[in-house]
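Inspection log for the structure reproduced underneath, given as structure tokens.
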Amino acid sequence: MASGVSFWERIGFRSGGGVGDAGWGRTLGVAIVSLIYFLPVLFIIFTAFKPQELALSVPPTLSPTSFFGLIPDQFVFSPTLENFGSVFSRVMTAGGAPEATGFDRFFFNSIVIATVSVLLALVLGTLASYGFSRYPLKGNDTYLFIILTTRMLPAIVVVIPIILMFRAVGLAGSYTGIILLYTAFNLAFTIWMMKSFFDELSTDVEDAARIDGSSETKVFLKICLPQVVAGLAATFVFGLILTWNEFLFALLLTGPDTRTVPVAMNQAVASGGRGTDWTLLAAIETLFLIPVFLVTFFLQDHLLRGVTFGTVKK
Amino acid sequence: MSLTQSARPTPTLFNVSADNWRLAIVVALVVSIIAGIVLPAAVSFWLIGAMVALVAASFVVNAYRRRYYGGLLVAPAIAVLFVMNIFPLLWSLGLSFFAYQSNQQSIRFVGLNNYIKVLTNEIAAPDNWHALSNTALFVVLTVSAQMIVGFLLAMLFAKQFPLRKYLLILVLTPMMLSVVASGVFFTYYYDPTFGILSYVVNDATDGQFILMSSKAGAVAGIVFADAWMWSPFVMLLVLAGLVSVPKYLYEAAAIDRVSAWRRFWSITFPYIRGLLMLALLFRTIEAFKLADLVILLTKGGNDTMTISYHLIRIANEQNKTSEGAALSYVMLFMVIVLTNLYLYLANRRNKGG
């Protein structure tokens, strides 16, 4: 069976071993799997366009169009943009006028806090992982393990000392406090991930540059860093996704001015005592998904094509 | 390497100089202890902070003068980690030896009593052990589901094909959802009256289907939601490994007519082993902390209480701060044993193969 035409090849899937090009046959197969995987997300996005009274209808309404008669009429709803408007301003008390909900501020907070803390962790973590990889300290593995340990305890355990600490220092409810906390929160992952990338690099080129008289700074900036761009992109995306959606620290340590969207989302959905406001939740989540979705999409090339870091193997 | 060597002698303890970090540590310890006892908390906090900065500065000067680039590079990250993570960790370790409740002022040293209580007390301990065994169940089920699904998805995307970019982002999206939103929506999918799952099953069987009515169903529901959200994480790491395999190895294998099975184990696997281990490590650590989905989906009902959720109840809802800290250190001990086992196995394989 080693060289013969396999069943898969016969029905149109070209086999190249592992890396290589496959045709449209593969696209079709993967498209079906991907769409099924994406369905729960698609449902949330569609819910954001539903009229509120249809949110819990039986049978469930599934689609804003019938896709040329593919979906029976009973599952189709007529889309509305109303929910997106009520994310930013809506009637809070019965019979009152619409009020601003402050969500523009919460979105701004989420973007600033996540971006600054992930970038800061990336800078500090990359320097540290380069140090751990190239200039091993005495007890290097122990330090690395202690760093990993900081991610092992549930957040609830460290959060009480942090609350006390922040109150004593006046950092509670400030941008600085939550940004520093998230930076630390991301450092463990950044250091472990970036170290595995630096470890994969061949040191031959670096040594050659040193012999030619390059300074240590130059070796790092001009030789090592360009080779791990893909690792930086991957780490940035992972850090962003984790920080973007972090809930517990944000709930306990942000004030009214620095509140992030996940906390505000939880409050907006649970308030009012009428049970979950499904369409509002879906609208907030849909808007909240867009930035992180775009960043991942545009860094994707680096994420994949660039991750050929193992090409110059030791 | 000769570049990192230096002839500068190490200063003795009593030599006053900017790079004498041993002296800095001694001074910092003495000042901190005195300040902690004599001065009010708000003042001593800043004084202790200044002492930490002093020690850090002496380390940096020392590393710079002796060309310890390692120390110099690592120092800023360690400083942030120390202030924001390790210091609070040590604080809660200290707290676990006291009787302290966050809603009361009194604090009293009780030694190992909290640990004895969470491990052997006839009221508290059975709950703890039960939550722990549930957590073990969730760790095994969710991590293996994520590894398998993530691996299979990565295999699907390993080759270049038209529109790959656009299909890949669809699979990655579940990971980007806020757990509040996805958890709440899974309660809708599983809802016996309005939910899609029940609608489909009821249609097919003419019965009344309630997923969350049994332990098996509730566990399956939670595991499915968690695996759905985090398999893309495993997929991305595995995919990064798969793409990095040099093409010529496969070409050589094709010439030698190596079977697909052999080709996978001797060419592909070595390239993804490290990243698989990393994925396994981080997912296991996260699975131990599983709480939010349980809170949203079952509130611990139907025997799905996990140790992490149990801990939130003890520490936050019942205000038993120091008991919670003790329990979490028992848990940390278990995670450390497990992690070390992973790292040991990973290293042994690296050296052996």
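We count from 1, first residue shown onward.
Cβ atoms are placed via backbone N, Cα and C, with glycine included.
The domain 'ABC transmembrane type-1' annotation in TrEMBL covers B:132-342.
Among residues of the same chain six or more beyond the transmembrane segment (B:21-39), those with a C-beta under 8 A of the stretch's C-beta atoms are 11, 13-15, 47-48, 51-52, 54-55, 57-59, 62. If you look up TrEMBL, you'll see B:21-39 (among others) marked as transmembrane segment.
Cβ atoms under 8 Å from those of the transmembrane segment (B:45-64) belong to residues 18-21, 23-25, 27-28, 31-32, 35-36, 39, 70-72, 75, 79, 82-83 of the same chain, restricted to positions at least 6 beyond its ends. Here TrEMBL flags B:45-64 (among others) as transmembrane segment.
The annotation transmembrane segment is assigned in TrEMBL to B:71-91 (among others).
Residues or ranges marked as transmembrane segment in TrEMBL: B:136-157 (among others).
Taken from TrEMBL, the feature transmembrane segment applies to B:166-190 (among others).
A Cβ distance under 8 Å defines the sequence-distant neighbours of the transmembrane segment (B:218-243), meaning residues of its chain 6+ beyond its ends; these are 137-138, 141-142, 145-147, 149-151, 153-155, 157-158, 171-175, 177, 179, 182-183, 186, 190, 211-212, 268, 271-276, 278-279, 282-283, 286-287, 290, 293-294, 297-298, 301-304. Residues or ranges marked as transmembrane segment in TrEMBL: B:218-243 (among others).
As annotated by TrEMBL, transmembrane segment applies to B:264-282 (among others). Sequence-remote contacts of a segment are chain residues at least 6 beyond its ends whose Cβ falls under 8 Å from one of its Cβ atoms, and for the transmembrane segment (B:264-282) they are 143, 147, 150-151, 233-234, 237-238, 240-242, 244-245, 249-250, 253, 258, 339, 342-343, 346, 349, 353.
Long-range contacts of the transmembrane segment (B:326-345) within its own chain (CB-CB distance under 8 A, at least 6 residues past either end) are made by residues 92-93, 96, 114-115, 117-119, 128, 132, 277, 280-281, 284-285, 288, 307, 310-311, 314-315. Look at TrEMBL and you will find B:326-345 (among others) tagged as transmembrane segment.
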